Amino acid sequence: MRTLTLLTALLLLALHTQAKSPQGTAEEAPDQEQLVMEDQDISISFGGDKGTALQDADVKAGVTCYCRRTRCGFRERLSGACGYRGRIYRLCCR
């Protein structure tokens, strides 16, 4: 059941990254991109109606996950991996 949750999170993240248009990627300096990546967390929340498929898959309401470059924060645990802009990060959930 956790695999379904992880796959759903990765799918949502992939759809989110594909929805953004690549504006100015050729002109963007690598240093600017790196600064943006250091300060950016992506939040993935699971919740909603009690009858949803995720609730049936034993997912607790209010679970929030972040793609982190470094280790997971306090009260977070490593739940897998996530991709953002072609890079792989840690998926930390609380």
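Cβ coordinates come from backbone N, Cα and C, glycine included.
Counting only same-chain residues at least 6 apart in sequence, those with a Cβ under 8 Å from the Cβ of Cys93 (disulfide bond) are Val63, Thr64, Cys65, Tyr66, Glu76, Arg77, Ser79. The disulfide bond annotation in Swiss-Prot covers Cys65-Cys93 (among others), and the record cites similarity to another entry as its basis.
Feature annotation from Swiss-Prot assigns disulfide bond to Cys67-Cys82 (among others).
Summarising the annotation, Swiss-Prot assigns disulfide bond to Cys72-Cys92 (among others). Around Cys72 (disulfide bond), a 10 Å sphere centred on its CB holds 16 further CB atoms from the protein chains shown.
For Tyr84, the entry in Swiss-Prot reads phosphotyrosine, with the evidence type similarity to another entry. For Tyr84 (phosphotyrosine), the number of other Cβ atoms no farther than 10 Å from its own Cβ, over all displayed protein chains, is 16.
Per Swiss-Prot, the feature signal peptide maps to 1-19; the stated evidence is sequence analysis.
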Per-residue Cβ crowding (10 Å cut-off), top of disulfide-bonded residues Cys65, Cys67: Cys65
Those disulfide-bonded residues, out of Cys67, Cys72, Cys92, that come within 10 angstroms of Tyr84 (phosphotyrosine) at the Cα: Cys67
